[in-house]
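Here the structure comes first, spelled out in structure tokens, and everything after it is commentary.
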Amino acid sequence: MAVLVALFCLVTWALCTRIPQYSTQGTQQLQQPEKTPHPHPRPEDPFPPTHAADFKIHDPSIIHVDGTYYSYSVGKHIRIHQAPSLDGPWKRTGTVLDADSVIPKGDRKAPWAPQTVHHGDTYYCFYAVSNSGCRDSAIGVATSKSPGPGGWTDHGLLVQSGTGKGSDEHPFASSNTIDPSVFVGEDGHGYLMFGSFWSGIWQVPLDETLLSVAGDTRSEARQLVYMEKAPLPASKHPNPLCREPSGARPIEGSFLSYHEPWYYLWFSYGKCCKFDTKNLPPPGREYSIRVGRSKSPRGPFVDKQGRDLANGGGEIVYASNRDVYAPGGQAVLTEKSGDILYYHYCRYPAVQETEVDADLTVNKSTSYDFWV
């Protein structure tokens, strides 16, 4: 999720018994600047502190199989780490791909923002290839019968934007096909969420193999997250695939989870990385984690005040606090003990460093108190 950079961001672990309870001064539409806490240490920060773990990662995807945790992250051929617990120790054990992605575009050597799901007897690793700041992108998928390294088959292209077959069709003609996330319901129906900047976050249904889009995307595509008014100026890049004429909308990194009776759509909003410590964005413009919910996996998703995420809504769940800066790239891991929200963040004030400690923060939940 987010534009790939050399900066190592952090995954966090909050020692909580449920997703944290706090007040966020009310839900605010994305068009308005949020009064997100400044990252300097403040005792009144309403978010839980972090618990350190020695693990460097960006855009994490974690699954739990037979007592072992597997993490998939950006890096050459998609890195795999394993650990006996979320606390670690995490050990790099190999990669998903044995070679560069078979998709002939973008950064084929180090695909971005992988997400791995287990469905039936197969593990699916969805990934993106792109070039930073442009929407000439594609989403691919690899499969294996086991979650560890070795035995993965790269099936290549699933969807693409910018150039190539199908990129001129709706919704790919206006979107950026990165940050893939796949949800498979109890009925076996699969859905692909994707999108970064441009026209926001979209969803298309997948067929039963999870290797192809089902139906006609022109009628089946759903725009899940968007904001009409762009908060950032338009790019002046000479390549039309690298500029947004109406301005930039920093929405990306979606993830869909289910906690009966609601489907929760999580996403990241704001600037993810490449921070200048002497000129940080205004408070609330850096990454934060937002959410909306719906009774249907297809939406529409709304925040606490009933605002549609496709019209600027979004409940702030976690934002900068203490030494945590720009948390995002979030996902939810469902365990017997409850749902676990995990994410990466940049450590303040060393937000530019390439060598930093990592904190694995998990918000364990038996109830979604942030919605009360």
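Cβ atoms here come from the backbone N, Cα and C positions, even for glycine.
Listed in Swiss-Prot:
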| type | residues | note |
| --- | --- | --- |
| ACT_SITE | Asp59 | active site, proton acceptor |
| ACT_SITE | Glu252 | active site, proton donor |
| COMPBIAS | 35-45 | compositional bias 'Basic and acidic residues' |
| CARBOHYD | Asn363 | N-linked glycosylation site |
| REGION | 26-52 | region 'Disordered' |
| SIGNAL | 1-16 | signal peptide |
- Three states by DSSP: which one describes Asp59 (active site, proton acceptor)? coil
- Item | All-chain count of other Cβ atoms within 10 Å of Asp59 (active site, proton acceptor) | 27
- Task: Indicate whether Glu252 (active site, proton donor) is helix, strand or coil by DSSP.
- Result: strand
